Structure formats: structure tokens, C-alpha cells
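Taken from Swiss-Prot as is:
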- Gly118, Thr119, Asn120, Gly121, Lys122, Thr123, Thr124: ATP binding site (BINDING)
Amino acid sequence: MPIENYFGKKALIIGLGVSGRAAASFLQTSGVKVLGVDRDYLQLENQPEILELKAKGLVIQADCETIDLKTFDLIVVSPGIPSNHPLIKKAHEHKKEVIGEIELGCRASCHSIIGVTGTNGKTTVTLLITHILNANGLKAKALGNVGTPLTREILTLDFQEIAVLELSSYQLDTFQQQVLDEAVVLNITPDHLERYETMENYAKSKFQIGKCLKKSGKLFVERKAAVEYQHLLNFPHSTYGYLPSCHTYTDLCSVFLEGMQQFELPLEWQGKENHDLENLLAAYAICARRGIKPQQFLQALKTFQKPSHRVEFVLEKNGIHFYDDSKGTNIDAVMRAVQSINRPVFLIAGGVDKGASYVAWLNVFKGHVKKVYAIGQAANKIQKELSLHIRVQIEANLDDAVKQAYQDAKEGDAVLLSPGCASFDMFKDYIHRGEEFKRLVKLL
């Protein structure tokens, strides 16, 4: 139903995090009466944004058992709320419409939209596409899981402005509007298995993006993911990767599109398969479809700054290099981070376990990682799975891990924070964790 048809009606928002608050504000602006439910209401009630929403009529409660779903015309669920939440199950039983904040924003949008998903690299590719488009006169804004909810911006975007949406699997679970002009699936590796239980379920969520394309839309998929999950790709798509059979590919010297050479890679990009190069291919596939010429892409690439906490060099002290990869929150991200550092590595890992095995690290760590410092809730599991093959030391906190790693490392080594886990056992989020790591390193 178009958003204007909800004027004067009632909406229930489940979860009042960043996207839930944005959805509440958006609905209030659209003339909708809003009830929000959040189990952490007592911690939220005095926050400025919540107070502002309440002043405009938002009603909030923590208890979901007393809610009568029959009185609501629309139910909006926040990304972190699992599909087995009692209210969601009850809503489906009552045949009530349940959507996410992204779907809500798209219903009010007449803009051109690009979608970006995958396990690792989503934020970087979203920001890179946005940067390339803006640098070449195509006004664009990065929204969604990158940090700014779509509903917070959609009513103020210029008519010609392009929305570049970073989409998590959680957001895709409640997104079905066919509004995307282009979309890309970057890679699919183990993550969020505490929610999805199997890789098959996780991959299905990622490939939901293909169902959100316009009829004229174009989907690009990283080749390995396309091969492994071919049975889930029951819609048209093109691949990118390292083989000439891909729509967009590289031979590690140049980039090709449909077999035609586009440009020679800058020297620092040549010679080695890596995560950054795959991100570049994904961004170029999208940008080329938007009319960006090869040299325009290369010129804009020179001024792109990679977002923080992604194998970010912090400083060098006594010949030891320190790197912050706090955004490395899954198994594959840690392996990519370790492979990107051309020094012996002392690795700080751990946090909230996400259901995958750490054994996969061993093939990459052999001869490269000298020692692992395990922290947080996952520390014992990391030690149990790795300690027969590599030195693992459990530390009480990040502070102790940083100090011990610095003490053990010597000139020419690297200390890398790449947790492979979520952050919320000890930190507010991965940004808080990364900033704390930097602070501790600077105190050494």
C-alpha cells in the first residue's frame, strides 16, 4: 500500500533502535499514529530523540503481550528483531502486513535506487559507488545499513538524487518492493548463523535482493557466490570476478567489461587477488551501467577514502605496526585481513560468537599468525578450536590484550585487531571497539 494511504491510521513499530526511530518519525510526518514496543524502553525513555517522538504523539511500552494487533493497519519491524518474535508470529497468524524500515521508505520513494549486499565489503562498496557517482555529476547519497536510515532522508532527497542502499540480510528479510535499478551481491561467507542456523538460510536472505529489482533492473553477483548458490539464483544476473566468462573481470593487470578492456589497474592494485580488488569490480559494474566512463572511474577512485576500522593502519611504535579491523566481525573478514598484512601477525580476536567455527582460520594463519589473544564471550571457543595448532592466550579485556601483544611482538611484526565476532559483550558497537583499540594503542 502506498504510504499516503496510511494517513490517519495506526502503526506498530517493533524495536526502537536507529531504524525504528527513523520509521516512527517518518510515519508521524505522514499522519500516522504510532505505538512503539521495545523491551529496553526504560533505558530509552529519556533519550532526546525518543522524547521528541513522544512529544509528537509516540506511545511506547515494553510489554508486547497486551498489544491487540487487530487495531493496527501496519507493523514495522526493526532489522535486529528475529522472525520468531512473538508479535511477528502473531501478526502473521492474523494476516497482518509486516514490513521493514527499508520497505517503508521505498514505498514513499520515486528515486532511482541501487542496492548493495553481501557478507563483507558492503559499506565500502556503497560508499565507493556513491563517491564515484557524485564525483562525476550524478548526485547520490549512501543510506541504509551504512548508518543513515532511508526513512530519515527519503522525503528530502532531490528528485534526481540516487539512493545507494547498503542492505543487510536482516533488512532484506522484510524487503520485497521491486524498486531497485541495480543491485550487487558481493560475497557470501559464514555470518549471523546464530540467527539463520544454516548457510542456506543466510544465502536465501542475501539473494532476496534479486526479487527487489525492477523489471528493467540489473543484478551483479560475485562469481564464487553465484556458483555455490546457483540453485537460489532463479532470476537473471551477471557475475564479476577473475575469469573471462564474467561480465566484469580482471586479469590482475586490467579490468574488462563484457570482454572489452576498460582500463589498466593502478600499480598498487595489480598482481594479487584481494578483497579490495573485488570491491572495485563490483563498484565498476554498477557505475559503468550508470554511464561512468573508465577514466572517470579511475580519476574518482584516486580521491576515495576507505571507511575506518577496515584494516586501518593506526601507528608504528618501535617497528611494530598496529592495525584496526574492528569491522571484521565474521570468519572470512578475519582471514582477508590477515592475508592483507605482509608482516607476521599478533591477532586480537573475540567478542560475541556468531555461530561459525574458527577452525577455518588455521589454513590462513599457518606461518603468518604468531599468536592469538582471545577476548570476550567467544574466548574459550577460540582457544578450544585453535590451540592445538597455534598459540592462543585468553585475556580479560582489550586493554590487557593490546599490552600483551605489544610485549610479545618485535620490530617488523604487526598487531591486528580483527575480532571475527560481534562487539556488544564489551562495547556499544564495532566503532566503539575500534576507537577504544586506537586509544589503547596510543597509550603504549
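Even glycines carry a Cβ here, placed using N, Cα and C.
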Residues near Gly118 (ATP binding site) in space but at least six apart in sequence (CB under 8 A): Val125, Val184, Val185, Leu186, Asn187, Ile188, Lys206, Glu222, Ala225
Same chain, 6+ residues apart, C-beta under 8 Å of the C-beta of Thr119 (ATP binding site), given in sequence order: Leu186, Asn187, Ile188, Thr189, Pro190, Asp191, Lys206, Asn330, Asp332, Ala333
Other C-beta atoms that fall within 10 angstroms of the C-beta of Lys122 (ATP binding site): 24
Cβ neighbour count within 10 Å of Gly121 (ATP binding site): 25
Binding-site residues: Asn120, Thr123, Thr124 - member with fewest neighbouring CB atoms within 10 Å: Thr123
